[in-house]
Amino acid sequence: MRGIAVFLAFISLIFASPLTVKSPLVDDFYTAPDGYESAKLGEILKLRKTPSKLSSMFFEIDIKNSWQLLVRSEDSFGNATAIVTTVIEPYNADPSKVLSYQTFEDSANIECSPSYGMQYGAPWSTVATQIDMALMVPMLKQGYYVVSPDYEGPKSTFTVGRQSGKATLDSIRAILKSNKFTGIKSDAKVAMWGYSGGSLASGWAAALQPKYAPELKKNLIGAALGGFVTNITATAEATDGTLFAGLVPNALSGLANEYPEFKEILYQKVSKAATDNLRQGTEHCIGGAILYFAEDQYFTGDDRAFPGGYGLLKEEVVNKTISENNLMQMDKDYLPDIPIFVYHGALDSIVPISNVHVTYKNWCDWGINSFEFSEDLLNGHITETIVGAPAAITWLEARFDGEPVVKGCKKTSRITNFSYPNISDSTSSIFEGILNSVTGSELGPGVTSDNITLDGLTGFLGNFIDLK
């Protein structure tokens, strides 16, 4: 598998566009100014246009404007921090409608941050963000502003729930104060959407909002959560020794970035032979991690990284840390106050659906106002990314249009979520949006132009050959 990783790295060097985007490691914009600790949560500390054009699937997209904001937030323990969030304005945007899209960054490395990875010229290691951009494009095409926060924060705390949720909410606070330059109204409707790792951030934001950001209740209209991560232990168990084993070191490293005692225990318990392997968890974005760590075993097998196997998870510090970041284990104080839509594949072998069933039961028993759960019987984690997206978009559009939500709880099992009611327009919008982004057409409602433009064609070909 290491050979495949080297081969793909070589291929990426051949096809990648010239790297023009400054890394967050050396970009001063990512550094909070002196005295920022005294700023209010959600306050904008810095502002700039994105240094490079944005791209989807590594093709430039034609939008009206985009900005990066450095926003005051806090970590899991209430310590001051600052996160970057990206605001995207399509042509003919509606300033009263905003989608907060949380990407599946799934990495413990700041060079995997969405604000960096969504820019044209970012390295191919950020492919996960580029794939996620393809799901933002349909919403841009329909005139929604899209905001996407670096919710893992400056420490890259993958799987850390409170950090992710707080950052998402503070990003929303910030964009509602950005009218002077973005045009977004302070009373704009805001919905959240995220798949897989993005659902972890979105779910925690929904759970934290009533107490952490109660003033946002008047703006937030719902959250769509796909491949809903509520139990990170279950994902570790499901992926250990599989193609997606890279999620394990990335997740452990993300937790270690936030919890020093947790990190200390990890490196005490890992075998000497696997120490460097574990350290690599801070080096790879999720695409590279899948290749580098494929089929590695951390808790099972004769050569497992942790000789004590799953016994590691019973260590007091480890158990406490993980439990604090499993949304499934939270009590009713974390009950969302906004409408929730969950779509999940029954065959998901990465994020087992059984844990979503537990969360659904808990939230319903505790009296959640609106929870719609659409279970896809024939799809797993990867395929549901695409199959479930039209259902999510349909549900989100209904929220923005003010249509009634499900009262209480409703769970429906479908052969496929392609059969979710009224998704035909949403399905076409996805493929039209992808086509528009690849061909360089302007994104936004009411935009009419030939789908193939000279700039778009040049940009498309420029991904593969040198046109200079």
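Quick reminder: no glycine exception, Cβ is built from N, Cα and C everywhere.
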Among Cys285, Cys364, which cysteine does Swiss-Prot link to Cys409 through a disulfide? Cys364
For Cys409 (disulfide bond): DSSP state (helix, strand, coil): strand
Among all protein chains shown, how many Cβ atoms are found within 10 Å of the Cβ of Asp348 (active site, charge relay system), not counting that one? 24
Nearest to Asn231 (N-linked glycosylation site) by C-alpha distance, among the recorded positions Asn79, Cys285, Asn319, Cys409, Asn417, is Asn319
Starting from the Cβ of His381 (active site, charge relay system), draw a 10 Å sphere and report how many other Cβ atoms land inside it. 23
Which recorded positions are spatial neighbours of His381 (active site, charge relay system) here, meaning Cα within 10 Å, out of Cys112, Asn319, Cys409, Asn417, Asn422? none
Glycosylation sites: Asn79, Asn231, Asn422 - member with fewest neighbouring CB atoms within 10 Å: Asn79
Ordered by sequence, the long-range same-chain Cβ contacts of Asn417 (N-linked glycosylation site) under 8 Å (at least 6 apart) are Tyr343, Ser374, Asp376, Asn379, Glu384, Val387, Gly388, Pro390, Ala391
